[in-house]
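Quick look at what TrEMBL annotates:
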BINDING   B:His83, B:Asp94, B:His192  Zn(2+) 1 binding site
BINDING   B:Asp94, B:Glu133, B:His384  Zn(2+) 2 binding site
Number of protein chains: 2
Amino acid sequence: MDANDITTDAAFLADFATMSEFGATGDGGVDRQAASAADIEQRRWFAGLLESHGFTVEYDRIANQFGLLELVPGAPYVIVGSHMDSQPTAGKYDGAYGVLAAAHSAFRLKEAWEQGAVTPAYNLAVVNWFNEEGSRFAPSMMGSSVYTGKMALETALAVTDHLGVTVEQALADTGFVGTGDGPQAVGCAEIHIEQGRLLENAKVTIGLVTATWAASKYRIVIKGEQAHSGATVMEDRHDALLGASLLVVAARRLADRFPGSLHTAVGQLDVYPNSPVVVASRVTLLLDLRSGDEAVLKEADEILASAIAEIEADAKVSVDMNLSHSWGINPYQPEGVDVSRSSAEALGLSHMDIMTVAGHDSTNMKDIVPTVMLFVPSVEGISHAEGEYTTDEDLVAGLAVIAEVTRRLVAGELAPATSDSTDKELS
Amino acid sequence: MDANDITTDAAFLADFATMSEFGATGDGGVDRQAASAADIEQRRWFAGLLESHGFTVEYDRIANQFGLLELVPGAPYVIVGSHMDSQPTAGKYDGAYGVLAAAHSAFRLKEAWEQGAVTPAYNLAVVNWFNEEGSRFAPSMMGSSVYTGKMALETALAVTDHLGVTVEQALADTGFVGTGDGPQAVGCAEIHIEQGRLLENAKVTIGLVTATWAASKYRIVIKGEQAHSGATVMEDRHDALLGASLLVVAARRLADRFPGSLHTAVGQLDVYPNSPVVVASRVTLLLDLRSGDEAVLKEADEILASAIAEIEADAKVSVDMNLSHSWGINPYQPEGVDVSRSSAEALGLSHMDIMTVAGHDSTNMKDIVPTVMLFVPSVEGISHAEGEYTTDEDLVAGLAVIAEVTRRLVAGELAPATSDSTDKELS
């Protein structure tokens, strides 16, 4: 192939290097929280890339960015993509790889179509979902949640960051807020880095995602009483931060009881009044339990609940636990896994079935249309950190598979299961 | 006495009710962080109160607010007062009581002087020290630290709050920044609520403060590595928040080893990146140890240091401990304690010697001039909380004592120990 050919692996890697410059941290990572300057700039660049390849760029009302290619006038769309926003000081592969791989898959498909090598059954849309990470504006997967009807548009637009800026305000004047609901979906595909070590340990290139781990996500408020952190005698203290700390430690000990089958975490914790000389009266934290085994998760939930009374007595505080989100083992359509398996096999690439621990936009999409999810290996499993890394060889192997899956979906190989496959209502 | 007399206890309580309205939380407390709108408004009101009683209001370059009464032209000043800024959602007595008691002591002295009942040796200044609490702008006791030469003016003015606003910017346009260094001190007195239960338990009205507890204050940074809080396997995590939580718990267990003689606290703790789905890579916290027994404090410091290695191994993190401030048992001048003791006795009020666990502006002042520190009881020891309470009876009893101490200091009863008592250099 000609090195200048827009559909070569070299062209893909060059575009990936360019896209990684937006919000670059200087330490190999990126910082592109949703609707930040870097995110906005990168979206403008991406719109230009899509348009230069003959795609029509559109936005829905929650700023999901679509690059549309009409192949069958009036037909619904196969939607392929991921997200370009990131965590603070994050890696450059998370989300962004999947969006660019989708774009290059679409470029390849367009070229094949122009050469008469594809008979499309559907149209094709590349997508860059808005705010998948949820670090600036919680919750995560906001754009795909609104698209799939799981979250109300008004609720999403009213979410504030820690400075009180709403999503609506942050998006104003960006040109990213459309007036419609985006293209009508008939199928979906996403490729992402694994964010774990299973593929690397098994020396396998392509992960065929069969299901999402079960999860229980708690929002917990620990209430104590403000007191002078020096003068107040220890017995009189009702220390919300002590209660919170006991809970963080308890969550970790809980994971240690189920080695390999339970992940627990507290990533966000806020102290009030957070003054050097005041015993905290309130701590708010988010605690997650995740497992690939629903029985393990249930047992872990119960152990956690039973630990609360002890923590309340120890720190003389009250603990309010609110199960904010939870889900069981959540399978992708087996027919979609078959499409990705046969695509990997056709390309001679090693593959294995795998579950995803993290949520993805495809986790939302699979509830409304048949959806394919693919992984490529993460070196040392590093994720949400500047040291995140996937080899170029694996990146282009993944690109080949998602391009093949895209071709098959557009050709109608993965037929919707129901007659009204484009219904956006949730099952 | 006439109820309209400005020097009655009723007039004092009426003024205290008025001053408690500034930044009132609606729950019995106040929120008047340094240079906030409520603090600025209250300072304007206080300047008006002082001026209406014939005092000249002046500010030094760090915005300490002085009400000056010249009795002996050219003589140095006895400085009496405390601070009116507060912690967030704090009590209304902390600091504010001491400033208003100083002002009313000064009004009483002025009246007595006008009636020829006082032969002054020195002039008198009421003071409202700037930013004693240090919650918005760290460190605490900023105004008195600059006044006593313990902190450079430039350093103080450059301190930022969490939004990046400097002290200098926050004070601009307030009219509170003077051009000089404030009146020259010859002695000092402060009255404050105890913020503990010793007076209440002993059923004693007046505490004669003999010394400050020893303290070790650490700024601690726990370093881990960012990772996906869901996908990353537990063994690969280097969780800074887990390390911090283990440290918070360890500090509390340390206090439990020395019942009654060691206070430990973590009041401030900040997590980075503090995102729901990212394992924290960095936590910064402030940990204090305080004791009335230097040997206990030394042993506690050693136990804490020896616990660090275990915490580092447990959470796979590194812990950097920096002893940011420390001091030993720090006595007030015994001659000053004698003045307060004989004043309480002359008024027929019960009294006892007491140590202060918390720092006060007088803790700074006693290092440059003879200084008297007095306490009144705190009901249930509640402090730095909206439920802080001292009875009116105790408030006016304390006022009587600080007024008597002020009279004696102005009369020259507590002579400076050295020939150059007004030297602001530290001993």
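Residue 1 is the first one shown; counting continues down the chain.
Including glycine, each Cβ sits where the backbone N, Cα and C put it.
Structural mapping of features recorded in TrEMBL.
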residue  : record                : DSSP (3 states)
B:His83  : Zn(2+) 1 binding site : strand
B:Asp94  : Zn(2+) 1 binding site : coil
B:Glu133 : Zn(2+) 2 binding site : coil
B:His192 : Zn(2+) 1 binding site : strand
B:His384 : Zn(2+) 2 binding site : coil
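Here the CA atom of B:His384 (Zn(2+) 2 binding site) lies 8 Å from the CA atom of B:Asp94 (Zn(2+) 1 binding site). Contacting chain A by the Cβ rule (under 8 Å between Cβ atoms), the binding-site residues B:His83, B:His192, B:His384 reduce to B:His384. The Cβ of B:His192 has fewer other Cβ atoms within 10 Å than any other of the binding-site residues B:His83, B:His192, B:His384.
Of the chain residues outside the Zn(2+) 1 site list B:His83, B:Asp94, B:His192, B:Ser82, B:Tyr93, B:Gly95, B:Ala96, B:Tyr97, B:Gly98, B:Val99, B:Glu132, B:Ile193, B:His360 have their Cβ within 8 Å of the site's Cβ mean position. The number of other CB atoms found within 10 A of the CB of B:Asp94 (Zn(2+) 1 binding site), across every protein chain shown, is 29. Over all protein chains present, the Cβ of B:Glu133 (Zn(2+) 2 binding site) has 27 other Cβ atoms lying within 10 Å.
Of the recorded residues, B:Glu133 (Zn(2+) 2 binding site) and B:His83 (Zn(2+) 1 binding site) place their C-alpha atoms 8 Å from one another.
Across the structure, B:His384 (Zn(2+) 2 binding site) and B:His192 (Zn(2+) 1 binding site) are spaced 13 Å apart at their Cα atoms.
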